[in-house]
């Protein structure tokens with residue numbers, strides 16, 4: 001299905017054309033279309049006739065979009081039950097439980113509610129909680145040109161809001177127990193639902209909210225912090241759509257905004273031939289895993305966080321560059337939030353809006369990482385060139401070897417680096433040191449670590465290890481608590 005964003009223009013390109021179009025459209029009187037219990041939808045500003053979305057079109061009707069609510073619960077984890085706000089009897093006859101939290105999962109462009117990742121997310125939730133998990137299917141409204149799909153989000157959001165209202169008025173179910181999780185365009189669907197419910201929804205999670213037709217627009221058009229009591233956002237594809245094909249927003253739109261790996265290029269999503277030659281108007285469903293890898297990482301990170309609550313700690317920092325240069329370590333006294341499912345456990349989650357956090361993840365498969373600062377003081381007879389590596393050994397497991405430094409190795413000098421460990425080793429009991437210079441040396445020099453200090457990111461706790469030994473290259477040296 002082509003992704004045609006010609007109706008969604010960007011301030012950074014074709015500014016003059018956009019301004020002229022916007023000026024022309026401003027002279028045209030706004031109109032609206034009404035869809036029964038969902039109310040009326042205007043095609044005037046700010047919904048249309050703006051620089052970012054000059055096309056004055058309407059969202060499709062509810063009948064054309066055909067939004068469906070697919071309910072999964074702990075009692076029916078494999079087969080959904082369809083519930084309808086216009087027929088409350090379907091809710092009463094289902095496994096929907098009033099004493100549980102309800103989490104809606106909302107797909108984005110060219111996706112569908114029966115896609116595997118939505119059910120996978122539900123099933124992970126069932127492993128840790130009793131929950132009503134509703135997959136929102138609006139594929140008939142999402143599998144069209146992108147511009148039309150972006151306008152259709154308003155009707156889907158209205159449908160969700162109406163269902164939540166029915167649950168509240170007919171069954172006494174509080175909107176505070178509702179969590180809306182939206183990917184891409186689904187993030188803005190969630191925002192529209194939250195806006196219609198006047199921000200009384202308990203939580204909205206935006207998974208790489210879509211940029212085209214939304215970034216830079218007024219709050220009522222896009223996801224923003226006022227749409228729920230708590231809004232958290234994961235940005236994974238925030239590079240500009242022109243020329244980098246970044247589909248996600250770089251704009252901060254939540255109380256907590258997480259930028260894993262800097263928010264632009266995710267590990268395991270390196271550029272390939274297909275993603276470099278594909279045109280913005282020619283992305284079809286069969287190639288989305290190639291061309292939109294970064295964009296899809298957001299829901300994969302969230303799903304992984306459900307069963308790995310401690311492996312996605314976000315560090316407050318003003319930029320990814322400062323984060324990478326060790327300027328934002330360890331977590332402050334009030335702690336760091338957990339990106340993903342457990343972000344709402346952070347005590348300062350709504351202290352202010354647009355709080356910014358950075359972290360690193362793994363590539364495909366094991367995304368979780370635990371951050372440490374490692375300080376190595378060397379010992380030896382003379383200066384050498386090469387690299388040094390350290391492995392952590394704890395009560396929960398052992399890490400692989402991580403490079404701390406490469407270059408000139410000076411005895412008595414100290415080398416410091418932050419590392420992102422792929423295993424939660426727990427309380428560190430010992431460390432192992434190794435050095436190598438990849439050069440044949442007949443004198444077989446030795447070097448060692450006299451002291452290694454490891455500081456844990458989550459709480460700043462330090463572990464100190466010492467040794468008086470030196471070792472030949474490629475020979476492991478064990479250090480124990482001083």
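Placement of Cβ uses the backbone N, Cα and C atoms for every residue, glycine included.
Residues or ranges marked as signal peptide in Swiss-Prot (evidence: sequence analysis): 1-30.
DSSP classifies residue 40 (disulfide bond) as strand under the three-state reduction. Other C-beta atoms found within 10 angstroms of the C-beta of residue 40 (disulfide bond) number 10, with every protein chain shown included. Positions annotated as disulfide bond by Swiss-Prot, on the basis of sequence analysis: 34-40 (among others).
Long-range Cβ neighbours of residue 92 (N-linked glycosylation site) (same chain, at least 6 residues apart, Cβ-Cβ under 8 Å): none. The N-linked glycosylation site feature in Swiss-Prot is assigned to 92 (among others); the stated evidence is sequence analysis.
For the region 'Required for galactolipase activity' (106-118), the model gives a mean pLDDT of 95. The feature region 'Required for galactolipase activity' is assigned by Swiss-Prot to 106-118 (among others).
In the three-state DSSP reading, residue 133 (disulfide bond) counts as strand. Here Swiss-Prot flags 122-133 (among others) as disulfide bond.
For residue 184 (active site, nucleophile), the same-chain residues lying six or more positions away in sequence with a CB closer than 8 A to its CB are 107, 108, 109, 111, 207, 208, 209, 210, 247, 248, 295. Annotation comment: Swiss-Prot describes 184 as active site, nucleophile, evidence class similarity to another entry.
Positions annotated as active site, charge relay system by Swiss-Prot: 208 (among others). DSSP classifies residue 208 (active site, charge relay system) as coil under the three-state reduction.
Marked as Ca(2+) binding site by Swiss-Prot: 219, 222, 224, 227. Around the Cβ of residue 222 (Ca(2+) binding site), the same chain contributes 188, 191, 209, 214, 215, 249, 253, each under 8 angstroms and 6 or more positions distant in sequence.
According to Swiss-Prot, the disulfide bond annotation covers 269-293 (among others). DSSP assigns residue 269 (disulfide bond) to coil in the three-state reduction, placing it in neither a helix nor a strand.
If you look up Swiss-Prot, you'll see 270-292 (among others) marked as region 'Required for galactolipase activity', on the strength of similarity to another entry.
Residues or ranges marked as active site, charge relay system by Swiss-Prot: 295 (among others). According to DSSP, residue 295 (active site, charge relay system) sits within a helical segment.
Residues annotated as disulfide bond in Swiss-Prot, with sequence analysis given as evidence: 317-328 (among others). When other Cβ atoms within 10 Å of the Cβ of residue 328 (disulfide bond) are tallied across all protein chains shown, the result is 21. Taken residue by residue with DSSP, residue 328 (disulfide bond) is part of neither helix nor strand, so it is coil.
The disulfide bond annotation in Swiss-Prot covers 331-336 (among others) and rests on similarity to another entry.
In the three-state DSSP reading, residue 366 (N-linked glycosylation site) counts as coil. Contacts of residue 366 (N-linked glycosylation site) defined by a Cβ separation under 8 A and a same-chain sequence distance of 6+ are given as 422, in order along the sequence. Positions annotated as N-linked glycosylation site by Swiss-Prot: 366 (among others).
Annotation source Swiss-Prot lists domain 'PLAT' at 370-482, citing sequence analysis.
Positions annotated as N-linked glycosylation site by Swiss-Prot, on the basis of sequence analysis: 441 (among others).
In terms of DSSP helix, strand and coil, the region 'Required for galactolipase activity' (106-118) has 3 helix, 1 strand, 9 coil. Listed in sequence order, the residues 191, 195, 220, 221, 223, 225, 226, 253 complete the 8 Å Cβ shell around the Ca(2+) site centroid, once 219, 222, 224, 227 themselves are left out. Residue pair residue 133 (disulfide bond) / residue 269 (disulfide bond) shows a Cα separation of 29 Å.
Just so you know, of the disulfide-bonded residues 269, 317, 331, 336, 482, the Cβ with the fewest other Cβ atoms around it within 10 Å is the one at 482.
In this structure, residue 122 (disulfide bond) is part of a helix by DSSP. Secondary structure at residue 34 (disulfide bond), as computed by DSSP, is strand.
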